[in-house]
Amino acid sequence: MPRRIDVRKVLMLGSGAIKIAEAAEFDYSGSQALKALREEGIETVLVNPNVATIQTSYKLADHVYLGPLQPWFVEKVIERERPDAILLGFGGQTALSLGVELHRRGILSRYGIRVLGTPIEGIEKALSRGKFRETMMKAGLPVPPSTPATSVEEALRAANEIGYPVIVRVSFNLGGGGSLVAWSREELERWLVRAFAFSGTGEVLVEKYLHYWKEIEYEVVRDQYGNMVAVACLENADPMGVHTGESVVIAPCQTLTDQEYQLLREASLRVAEAIGLVGEGNVQLALNPRDSWEYYVIETNPRMSRSSALASKATGYPLAYIAAKLALGYRLDELLNRVTERTCACFEPSLDYVVVKVPRWDLEKFEGVEKSIGSEMKSIGEVMAIGRNFAEALQKAIRMLDIGEPGVVAGPRYEEPESLEEVLGKLRRREPYWPIWAAKAFRLGASVEQVYEATGVDPYFLSQIREIVEVAEKLRRTKPWSSEFLDLLAEAKRLGFSDEQVALLTGTTVEKVEKARRSIGLDRPRVRQIDTLAAEWPAATNYLYMSYNAYEDDEPITTGRPRLIVLGAGVFRIGVSVEFDWGVVSFADEARRLGYEVVIVNYNPETVSTDWDISDKLYFEELTLERVIDIYWFEKPVGVIAFLGGQIANNLAKPLEERGVRLLGTPGRSVDRAENRAWFSQLLEELGIKQPSWTAASSIEEVLKFAESVGYPVLVRPSYVLSGSAMKIAWSPEELKSYIEQAARVSPRYPVVVSKFLEDAVEAEIDAVGDSRRTVGTVIEHVEPGGVHSGDSTMVIPWFSLPETAVREMIRIAETLNEVLEIKGPFNIQFLVKDGSVYVVELNLRASRSMPFTSKVTGYNLMRAAAEAALRGRISYGFNGADGFKLLRPTGWWGVKSPQPSWQRLRGAYPGLGPEMRSTGEVAALGRTLHEALLKSWLSVQGNRIPPAGSIVLIYTPTGRGSSDLSQAAKLMTEKGYTVYTIEGMEVDGAEPLPLEQALRLVRMGGVGLLMTTDYAPQRDYRVRRLAVDLGVPVVLDARLARMLAEAINRVGLENLEALELREYWGPNVEPF
């Protein structure tokens, strides 16, 4: 059937900011869907406040609205744009829940908007726990014993009837938000209130906990005529009770018999049929490891999901693209497989390789957080590795995590002295990165059975890890360079060992291991092509990986143009997110426009850059020195771009250059001078540029003497780190000693710098691109003071309180550094401004986290300028002849970027701001005034809302700092009709004080609509902040932001927030990008 012709304009809802459980996989799936719609000539309207994504650009969408994903704002967009239809399946749970709410309020019917894909009724059947259970039972599909509950009392009764242990699941949620496993009534009662706070419908499901059952997922595609295929089977190595987002996941399934595979596949197809799926859905099932015929259907997601993104990249089957086409009315057999360009979309992929996904956590950044993993997602990102066997793929995946481990064995966690009982304790508690702890347990003499009892991981996977350990320990015992050693080395390479691992195990150097490897004919791994059908049909794309388990290269397709390699950002973690992927994809576009063949190296399954049609060649590979050099010598490019991939790529710049790799852009020696804190501080002194007083930490005694001379507080900063890792403000000698030790552990090879911390300074920065003579950029002012990491700050363009003299000095410094360091690409300088003086804090000679925001607010694509600077040596874009600094300063509009925290997801963590970054994503909005842009941006952060008039607002200061701003906020909120309270001992003027216990009771009873506070003082107010975030109360954590927000609520209000398209602010003379 041809597609429906009554759809000419489609509204698509994005997923908003990157947050735990809802990350860049939706940027990828949404981008694919927009691409599919554009191919069909359909006009698209996108609502998504995530300024950092490729999706919110005119490359894909016809109309882009940065604004809150809330019904009132989306209705304003609908009123202006009048779309024919809406797509809900490509923006995660945020888009689905919002779509259901638009339907319930009658907004969709009022404007005659049709829902494409799975109908609302099907969405509700899938996402309401009670309705899903009924639907499955009606379809004759088994579900675990369970009871829906709408109150704490009902849930406790249900658990008594079912019997402990139980798992509590929340309706209309994702990432296991609010879910829990309870082994007793006391444990259940303790966390139920929090579970209900996560539920959008006030409903939870109390279900029998299936201890150590296997968790299997199928990705199902179905058209509206009932044709369907199971595109992928994903096996969770972790058992039931560990959220799939927290689990090690393998494709294809490794431990199922054919009987089990077909049984569960058939069940998955019946689930899709039962809910009326149209497009793509994920079905999760539990299989009893002791009885092949006993299984249960656990849940389904009638939308693109994290697993869908993984399945797409693992199989080469473009699930989101196909799902969007099916939503338009196509049949499966009418659509082509875009990898082979010969077979149709109704062919189920077949894999001749193994894919392993491993999550990445950043729990050490959060004080008080619960460290074990379970039914609720806490991981920030994930990696995907491809190998010819499980061991090879797993070793690659561990390296890709960028946690300082060279693989499953030989790293610091594996080598640190511990007893077997200590290691088994970590496995029982489910501490992150269990494959390393399992390997260590085997090294200490544990049996497969012992590790299985501690983890519930199938013995097959455990035996593969034990094999890695056996080879590692043999290497350790064998005389280097003997014939036995060389045989072992060949075996180790086939099991995914890196040269660094072998060197660590044998006490030799990487160079010697490499020489030995070459002597036995292993010059490099072979290049393999992903074709989706196990080589039955030739592939028409360059989707590649490398393996030592192959004897010849697949021949990639070449264009004949000069070739360059672009290094991606790797795994997402706090500080590295989709902003860097925006840079990679935007730069790749510009490089191709300038006539280059672009080869991207990256391994993040969530990203647009790892989509095989973004570049001329994609290597889904490690970003390690060994692998990048392998690719470099095979591809023979004109050079490598390392300034777009965040800290991973930046840290590779110098070692790559030392190995003869040609870096394009800013020279490696300049990068080294900027990243090494001590060297950079010396450079600033030579240039006469002010900086806070500093010293390099050569000994604790010297540092303490320095701190005494300049006075506390002081700032401790390691080198070559991102997101402020181990960056701390020390207020006493005891704190300083502790922080120096932490910083030395994070960056052991480089100096730790200690500098005077300037209290109450304004923080500002310049985002720019330079070519050594020309500089183009903008000045950004932070709302929060210096001392709050830039990634956690509210950013404003143009500046709003900086003196013009300070801005001129910042521009002068940028021009000087551009010339002196021979910059040829993007850079970012961070400043502190105090009493009119400008101090440089740091310089990053790479694309910054804020560059998508800068570009989209100003209407100037910094990546286009970066491509010209790096590849042509000269920026022409936007220049009319003269050199110097081109200042990008919007007139008539403002842009505000707000951080997206994930406090609620991180049970136990203290919500507070400081020099180490803790937010997981960002949003932005534009407005005609600063207050309009600020309010719109703040409301775009998930969980933020303006409480109804008459609600209670709690405002206090735990340290006494910020009391003036908070008092003004209290006065303004009172004027607006709110009841404002403060806390005794932490009072602010203009609010009625309450004893701490009474304030806690008020929060617990749901009486507080907004909390405003400041500073980082867990010993003073941990309970108030933690309870507020657990119960979903919006929290403002800085005094100046609280005051400005109160002004915005007073002056603007929801009714006056405009819904304008991005380019309406830019004006007609800006070329959309």
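Using N, Cα and C of the backbone, Cβ positions are placed for all residues, glycine too.
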### Task
Out of Arg110, Arg114, Arg129, Arg342, which one does Swiss-Prot list together with Arg169, Gly175, Gly176, Lys208, Leu210, Glu215, Gly241, Val242, His243, Gln284, Glu299 for ATP 1?
Arg129
### Message
Record says Lys756, Leu758, Glu763, Gly787, Val788, His789, Ser790, Gln830, Glu842 bind ATP 2. Source is Swiss-Prot. Which of Arg717, Arg864, Arg872, Arg874 does it list for that same site?
### Response
Arg717
## Note on the structure
Candidates Glu215, Leu758, Gly787, His789, Gln830 (binding-site residues); nearest Cα to Asn301 (Mn(2+) 2 binding site) turns out to be Glu215
### Task
Round to a whole number and give the Cα-to-Cα distance in Å for the pair Gln284 (ATP 1 binding site) and Glu299 (Mn(2+) 1 binding site).
5
### Rounded distance in angstrom between the Cα atoms of Asn844 (Mn(2+) 4 binding site) and His789 (ATP 2 binding site)
14
### Message
Looking at the binding-site residues listed here (Leu758, His789, Gln830), whose Cα lies nearest to that of Lys208 (ATP 1 binding site)?
### Response
His789
## Note on the structure
Confidence over the domain 'MGS-like' (944-1073), expressed as mean pLDDT on the 0 to 100 scale, is 96
### Query
Looking only at DSSP and grouping its letters into three states, which state does Arg129 (ATP 1 binding site) belong to?
helix
### Three-class DSSP secondary structure - Gly787 (ATP 2 binding site)
coil
### Task
In whole Å, note down how far the CA of Val242 (ATP 1 binding site) lies from the CA of Gly787 (ATP 2 binding site).
37
### Query
According to DSSP, which kind of secondary structure is Val242 (ATP 1 binding site) found in, if we only use helix, strand and coil?
coil
### Message
If I restrict to non-local contacts, at least six residues apart, and a C-beta distance under 8 angstroms, what lies near Val242 (ATP 1 binding site) in its own chain?
### Response
Glu215, Asn236, Ile373, Gly374, Ser375, Arg430
### Task
Give the maximum pairwise CA distance in Å, whole number, for the residues Arg717, Lys756, Leu758, Glu763, Gly787, Val788, His789, Ser790, Gln830, Glu842 listed as binding ATP 2.
18
